[in-house]
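J.: Quick one: structure below, then a few questions.
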Amino acid sequence: MKAGTTVKEISVLAWPLVLMQLASIALTTTDLIMMGMLGPTEIAAGGIAITLFGLLRTSSVGLVTPMGNLLAQTWAKGGISVRARLAAQVRLGLLLATACGALMVGVMLIAFPFLRFLGQDPQLLSLGYSLLIFLAPSLIPLLWLQVLRNAAVALKRPGPLLLITLVAVLVNIGLNLLFVFGIGAWTGMGLPGVGLATLFTQTLMAVGFYALVRRDALLAPVLRLPTPGSVSLHSISARLFIRDTLRLGLPTGAAYASEAGFVSVLTLVAGTLGAASLAAHTLAFQYVNIAFMVAIGLSHAVSIHMSHALPQRDTSRLRLLAKAIIRMGFVAMGAVAIIYVTIPQTLIGLFLEENTDNVSSVLQIAVPLLALAALLQFADCQQNLAVGAMRGILKARDTFLLTMVGYWLIGVPVVLVFTYVLHMGVNGIWLGFFIGLSATALLLWWRFYYYVRQMEHQAQRQRKAQS
């Protein structure tokens, strides 16, 4: 199979996912625009809340994401009862997602006030907590949607993901305007309204996606909700699926949390530099998130394709997939980088109202960060693609260990030195971020090819033994 054919094959699954991820980031972009209309103080306070939410959301999504790889392998192996097995696995996945989401909501609400001991402004924390109270519960329907999406993508039927997300963006805008600014005599809730709008929107997305995919003849028998008596946690197959999900999901979630924790540390460091620096960091990082969503879509697609190839130990296929996705990542990030470098002030200005306080200070800090973002996203994309490749060959534990090295043993010390020793301010934070991501990407791709070579050597030994 030629590389061009492989690119087309990945693209068929990847681009619907990429577009869905971009539409998804439009939800948080809308939230930030609403915060910007309230003022830089609300952006800074909301940024702290969103950072903690993002940390636990990312780790939770990491826990359920490998379900897609397990479902893809189940589908690739086939068998008479394959749809019944997939349906049972989806029901178990929804139960695990609910339990995980409820746990993380509690952790968020309990942990947030303690951020004052990490140098955060108590007034910003108080304002941010008013947002988090409504934002945190939205994690549960978000995880439901992740499980349903993983099942659909595992069968290479992404369904109406993009449509649902685009409609959700419009709904989120309307709900934000209503809850944040009010209507008629009601003056609205202010910053907490952003969280309430997100809660409603995420719930509508999960319900809407399920209702639409139930019309698909292939997906309908698979995407079934758990009901009393429909799930047995005592059967061997259920225990094996839970075991495999946790075996892959826990290190994947930990790897995701490792990166999100790294990002959270950067936000906390930015918070110690003042409200203007924190607001600028939050705004510029939103554009990194936009590019990151492209990488996530590509990563999920190549991961599923690799999981389909893994049962046959098709190393040629794995190498072709890796080569194709690396090239696709560089091309996609190059296109985004051109935009960031060309019109940085316009992009940052989208989030700020001219008549609010400290706008010029925020712009002065944030605009140069987009140039760094243009560079940084190449490394961010490649490390995310490598995470997907490693997940596709079921090597989640290695992923976690290598991300710990790249982010925490390399990235964080460099950030602290650049920021506090060399006094480089927010620019130092972002340069350290780039170095940590680059190290992680190199380590992960090296490890992926190491395992591919191992499979090839094992196949050679088996052929020699048989001859």
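Cβ coordinates come from backbone N, Cα and C, glycine included.
Straight from TrEMBL, here's the annotation block:
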- 12-37: transmembrane segment (TRANSMEM)
- 43-71: transmembrane segment (TRANSMEM)
- 92-115: transmembrane segment (TRANSMEM)
- 127-148: transmembrane segment (TRANSMEM)
- 160-187: transmembrane segment (TRANSMEM)
- 193-213: transmembrane segment (TRANSMEM)
- 253-278: transmembrane segment (TRANSMEM)
- 284-303: transmembrane segment (TRANSMEM)
- 324-343: transmembrane segment (TRANSMEM)
- 363-379: transmembrane segment (TRANSMEM)
- 400-422: transmembrane segment (TRANSMEM)
- 428-452: transmembrane segment (TRANSMEM)
J.: With an 8 Å cut-off on Cβ pairs and a sequence gap of 6 or more, do the transmembrane segment (428-452) and the transmembrane segment (363-379) reach 3 or more such pairs?
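T.: The transmembrane segment (363-379) and the transmembrane segment (428-452): touching, yes.
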J.: So which of 12-37, 92-115, 127-148, 284-303, 324-343 is most in touch with the transmembrane segment (193-213), counting Cβ pairs under 8 Å?
T.: 127-148
J.: Near the transmembrane segment (127-148), which residues from the same chain, at least 6 beyond its ends, have a CB less than 8 A from one of its CBs?
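T.: Sequence-distant neighbours of the transmembrane segment (127-148): 41-42, 45-50, 52-53, 56-57, 60-61, 64-65, 67, 90, 93-94, 97-98, 100-102, 104-105, 108-109, 112-113, 190-192, 194-196, 198-199, 201-203, 205-207, 209-210, 213, 223.
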J.: Which residues of the chain, 6 or more past the ends of the transmembrane segment (160-187), have a CB below 8 A from one of its CBs?
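T.: Residues 16-17, 19-20, 23-24, 26-27, 30-31, 34, 37-38, 149, 152, 193-194, 196-198, 200-202, 204-205, 208-209, 212-213 contact the transmembrane segment (160-187) from elsewhere in the chain.
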J.: Tally Cβ pairs under 8 Å between the transmembrane segment (43-71) and each listed stretch (12-37, 92-115, 253-278, 400-422), then give the stretch with the top tally.
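T.: If we count Cβ pairs closer than 8 Å to the transmembrane segment (43-71), 253-278 scores highest.
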J.: Ranking 12-37, 92-115, 253-278, 363-379 by the number of C-beta pairs under 8 Å to the transmembrane segment (400-422), which range is first?
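T.: Going through each listed stretch, the top one turns out to be 253-278.
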J.: Please give the sequence-distant neighbours of the transmembrane segment (92-115): residues at least 6 beyond its ends with Cβ less than 8 Å from one of its Cβ atoms.
T.: 48-49, 52-53, 56-57, 59-60, 63-64, 67, 125, 128-129, 132-133, 136-137, 139-140, 142-144, 146-148, 150-151, 225-226, 231, 233, 238, 241-242, 245, 268
